[in-house]
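**Student:** Submitted below is the structure of interest, expressed as structure tokens.
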Amino acid sequence: MTTSPEKRRYPPWLLIAAGAAIILATYFYLVVWQPESLVGGAGVGPAALVALAGYLAGSALIIAGAMSRMPTSTVTLLPIAIAINIVAGQINNMVGLPLYLDSIGTVLVGLLAGPAAGAATGALSNVIWGISISPASLPFSTTQVGIGLLAGLFARWGWTRRLVTCVAAGVITGGVAAFISGPISAFVFGGANASAGRSAIVALFQTLGLDTLGAAIAQGLTVDPLDKAIAFLIAVLILRSLPSRFSTRFPFARKHAVFAPRRASALARTETADATHQEDTLQGGRA
Amino acid sequence: MSQTLNFYDEGTTWIHRLNPVTKLVFVAAVTIAAFGVDSVWWPALLFVVLELPGAVIARTALRFCKLVLGFFGPFLVILFLLQGLTYPDPGTVLAEFGPFAIKTEGLVFAGTTALRLLVMVGAFILLLLTTHPGTLMSGMQQAGLPPKIAYVISATMQIIPSFQARASAIMQAQQARGMETSSGGALSRARRLVPLMGPLLLGALTDVENRSIAMESRAFGSPHHPTAYTVVSDSRTQQAARWGMILLGVSAIVLNTLGVF
């Protein structure tokens, strides 16, 4: 049972790819090729089980793949980020806001350490929240995988350098998150969820004539874009108010110049300028 | 956040002494069985026959019921209000109030979903009540969970309570500097979060650097599998039981699909 890298039979990206493939397959089974589930009347049929099993297995593979090569500086960041997610999410649920606020830490890691690390943070965050305080968050870990992944990608594309594009990135991420979480909240939870405010929105869409899956996605679309825009904004503001030494310690943030050039010190400015220049040449090479 | 991150109820019954992985497999098997079988009463049966006696044997029946109800009560109400009143598919209408209609199918759907969730959450809470978080992590690590993942999980569990302690320290410090903490409307309360959350988050994030240096110097990233400080006992019987439970869970689905019950 040794896990030394030399003896590894498969590379980490294979695990991530396999996890993503399982999640996508589950999604297409549930949404595109709609099984006779809610129509049956008597119960939810196999859809709930497929949603649970497929999403959880996919998230587990992604966690395993992303964590296996993570440097220690990122690994020690993860518990802090996850604690931020859980504490903010728990406060939100207690106050009863119709938001989630449980992905600030996920976005933070995505910006600092890249898409894979962000995805692992998100998935682990809901797993830990599930096994510690609220078991109902466990099935939603796949949504957080999507959020972490997109946060990393938007950071790589430079969307987080300005606040306007950063908010736009949050809105897009929120839209995607709504579509990912729809099947879980419809098939596993029957549309209801831990926050009364959010459930009321589902009820509203159901009275307007949508089915439970449609209402769950529509509820997500009303809440998630705002919620994720807030998460992106808070994460960027936190990281900007930290000394630049902190974010430049992460190779991903340094290489892709995730944050706006700073005016605080000449040293930091030349460093970020170098990084932007580097990225420009990289992009030029690709084009 | 008043809840602590620890449900563990100390005890010495055989359920407490089981290998955590066995209990985790029980959670998985019973969840598979509950979600895989198309019947309203089946999950209720699982809960009454497997989980309640488990809680009684582990002598945590009272806390078990409290936790399950505490989590489950509000959810149950929301679910029945939602699907009982606004079930979207056509069905037998029992009563109508304006835009709302109570349908038999909606009630059955709400009931099935609720009972399935009851089984899943109940199994989880039973696991958490009878397993110390540390033992759970050691057990998982012995079963092959990578040490990095185990570190992240157990570190988070420890960091959240220390977040609370740090938050109250920051609050006292800000009060000593003259910050009002108990007056004002929603907006001024929200504005007051900034001087509280700011130092909390910035402090926590700057700790990351020190911790990672300390851990690297203790060979944390080393590819070799570390030896365990606490060895969680395991037995052939439990190994067999784990496979047995998974087989039972899957066979329940197979039998149901074949129409046996």
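Residue 1 is the first one shown; counting continues down the chain.
Glycine too: its Cβ is placed from the backbone N, Cα and C atoms.
Any TrEMBL annotation is an automated prediction that lacks curation.
From TrEMBL, here are the annotated features:
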type	residues	note
TRANSMEM	A:12-32	transmembrane segment
TRANSMEM	A:44-65	transmembrane segment
TRANSMEM	A:77-101	transmembrane segment
TRANSMEM	A:107-129	transmembrane segment
TRANSMEM	A:136-155	transmembrane segment
TRANSMEM	A:167-189	transmembrane segment
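Are these features on the surface or tucked inside, and what touches them?
**Tutor:** Away from its own ends, the transmembrane segment (A:12-32) comes close to residues 47, 50-51, 53-55, 57-62, 64-66, 68-69, 116, 119, 142, 145, 179-180, 182-183, 187, 213 of its chain (Cβ-Cβ under 8 Å, at least six residues beyond either end).
If one looks beyond the transmembrane segment (A:107-129) by at least 6 residues along the same chain, the residues whose Cβ comes under 8 Å of a Cβ in the stretch are 16, 59-60, 62-63, 65-67, 70, 74, 77-78, 81-82, 84-86, 89-90, 137-138, 140-153, 155-156, 160, 170, 228, 231-232, 235-236, 238-239, 247, 250, 252-253, 258.
Using a Cβ-Cβ cut-off under 8 Å and counting only residues 6 or more beyond its ends in the same chain, the transmembrane segment (A:136-155) has close neighbours at 23, 51-52, 55-56, 58-59, 62, 85, 89, 102-103, 106-107, 109-111, 113-127, 129-130, 166, 169, 172-173, 176-177, 180-181, 184-185, 188-189, 193-194, 228, 231-232, 235, 252-253, 256, 258.
Under 8 Å from some Cβ of the transmembrane segment (A:167-189) lie the Cβ atoms of residues 26-27, 30-31, 37-38, 44, 47-48, 51-52, 55, 103, 107, 136, 139-140, 142-143, 146-147, 150-151, 154, 159-160, 202, 212-213, 215-217, 219-221, 223-233, all in the same chain and six or more residues away from its ends.
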**Student:** Counting only residues 6+ away from its ends, which parts of the chain sit with a Cβ under 8 Å from the transmembrane segment (A:77-101)?
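**Tutor:** Hits for the transmembrane segment (A:77-101): 108-109, 112-113, 117, 120-121, 124-125, 128-129, 132-134, 137, 144, 194-198, 200-201, 223-224, 226-227, 230-231.
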